[in-house]
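Asker: Pasting a structure here, questions to come.
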Amino acid sequence: MKLVYSAFMYPGCETGRHGVNCSSTCEHCRNNASCDIMTGECDDNGCSNNKLEPPFCTDCVVGLFGENCKEHCNRLCKNSNCDKTTGRCISGCEDGYVGSYCNTSCETGRYGVNCTSTCEHCKNNASCDIVSGECDDNGCSNNKVEPPFCTDCVVGLFGENCKEHCNRLCKNSNCDKTTGRCLSGCEDGYVGSYCNTTCPRGKYGPGCSKICNHCQQNTNCHHVTGTCFSGCDEGYKGELCNTACTMEEYGRNCENRCGHCHNHEACNRFDGRCRDCETGYQGLRCDNECRSGTYGRNCSETCGACLDGIPCHHIYGHCSLGCSPGWKSTPTCDAPCPPGTFGPNCINKCSGNCLHHATCNKETGKCKACSEGWRNDFCNERAPEPITDLEKITLEHLKIDNQRLLLESEKLRKESEKISIETVFLKIKEKYLQLKMQSEFQIYPSSEPET
């Protein structure tokens, strides 16, 4: 709260007056209000006009000067601050101007505070803006600085005389013109004030903010792209290994196809296992057809009698070439011929002459034995009438005679062979004797003369 010494507190000056001997009036205060009897400071009503500076209301407000504060300070006085009497600029001039009243602009080739800077940064030392130093259309003195002011290095350069290059990994090649620190962040895959550090293991991308996906056996990914170096873990695919296998795929990089899972359910995308198999298939992955001789759900059904032992269809049990003899021609060949029939599709009838009225073999029609009066495998040929005892005796005698004749014939054959051998021996001996006689009794020619 402002304390005002008034005439009511200190008797002496009447209301509206103040100072030595109360010789000064409070007319500078609004509505000639009371003021401090000692200092003349106006009360909270303020000054008599807005050109005066409260609370004393004797000095001009900033920006005005002269009698009754009618004059305006030069706008080029810094902060519009000038002497309240003369108008001289007290705090100096705005950039580009000089003089006590700041009414003189910089000479050509100079600019800035008190015109102390030169335009040497401009090409050919041309003129520049007296306030900012902006070069004219001729541009900068070299291509390493950025027009139009030609004081800052162009994007991509920094340091004294812009001799240094920003790290190419600074985003947009934008770095601090003095230190070279990257200002706009780093290219993907790099971090640090100077973007010279690659992402740590397991991270990649802008600011290393992304995490490597399902790389095989938790191996690292490329620090920029996120691509897994060694491929994907089981159950995932794609360059980034962030796409799960579809319901028909499984394994590393989803390279394997699911088997025949029941109701076309998806297999386990990691190892390909099914919860249950479709009819006709077996195995953990349901990728094996039923073993030969079986078919159906869980391969629990046994194939029928398919022709030539060919396996039946692993799903339906059908025989592709028909049924073996002895079985009805149903799709699954599992109905045997009814008693009394045999052969392909049971089209043949047994002879009915099997012993003890037994049925014949359903495949071949043969009987194990025949009833009396029948013979051959099928028991369909009449047997001859039984022979008498006399005929049996006669037959036995004939058999004995035949055996005796065979023995005599064999004896004669052997004797004949012996005679043949002896004959050959005698001939050899005869020849020998002839040769011996010739050698002992030689015959010489006669010596008598011929007549």
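Glycine too: its Cβ is placed from the backbone N, Cα and C atoms.
Unlike curated entries, TrEMBL annotations are predicted automatically.
It should be emphasised that the depicted structure is a prediction, and the values quoted were computed from it without experimental measurement.
Pasting the relevant annotations from TrEMBL:
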- 395-422: coiled coil (COILED)
- 72-107: domain 'EGF-like' (DOMAIN)
- 134-163: domain 'EGF-like' (DOMAIN)
- 165-196: domain 'EGF-like' (DOMAIN)
- 207-242: domain 'EGF-like' (DOMAIN)
- 253-287: domain 'EGF-like' (DOMAIN)
- 305-347: domain 'EGF-like' (DOMAIN)
- 349-380: domain 'EGF-like' (DOMAIN)
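Situate these features within the shown structure.
Answerer: Counting only same-chain residues 6+ beyond the ends of the domain 'EGF-like' (72-107), those with a CB under 8 A from a CB of the stretch are 59-60, 62-66, 113-115, 129-132.
Taking DSSP states H, G and I as helix and E and B as strand, the domain 'EGF-like' (134-163) has 3 helix, 6 strand, 21 coil.
Outside the domain 'EGF-like' (165-196), and at least 6 residues removed from its termini, the chain residues within Cβ reach (under 8 Å) are 152-153, 155-159, 204-208, 222-225.
Through the fold, the domain 'EGF-like' (207-242) approaches residues 185-191, 198-201, 249-254, 269-271 of its own chain, all at least 6 residues removed from its boundaries and within a Cβ separation under 8 Å.
With a threshold of 8 Å between CB atoms, the same-chain residues lying at least 6 positions outside the domain 'EGF-like' (253-287) that come near it are 231-232, 234-237, 244-247, 295-299, 313-316.
Away from its own ends, the domain 'EGF-like' (305-347) comes close to residues 279-281, 289-290, 292-296, 299, 359-365 of its chain (Cβ-Cβ under 8 Å, at least six residues beyond either end).
For the domain 'EGF-like' (349-380), residue counts in helix, strand and coil come to 3 helix, 5 strand, 24 coil, using DSSP.
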Asker: Counting by DSSP, what is the helix, strand and coil composition of the domain 'EGF-like' (72-107)?
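Answerer: Counts, helix then strand then coil: 3 helix, 9 strand, 24 coil.
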Asker: Let me know the model's mean pLDDT on the domain 'EGF-like' (72-107).
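Answerer: Residues in the domain 'EGF-like' (72-107) carry a mean pLDDT of 91 in this prediction.
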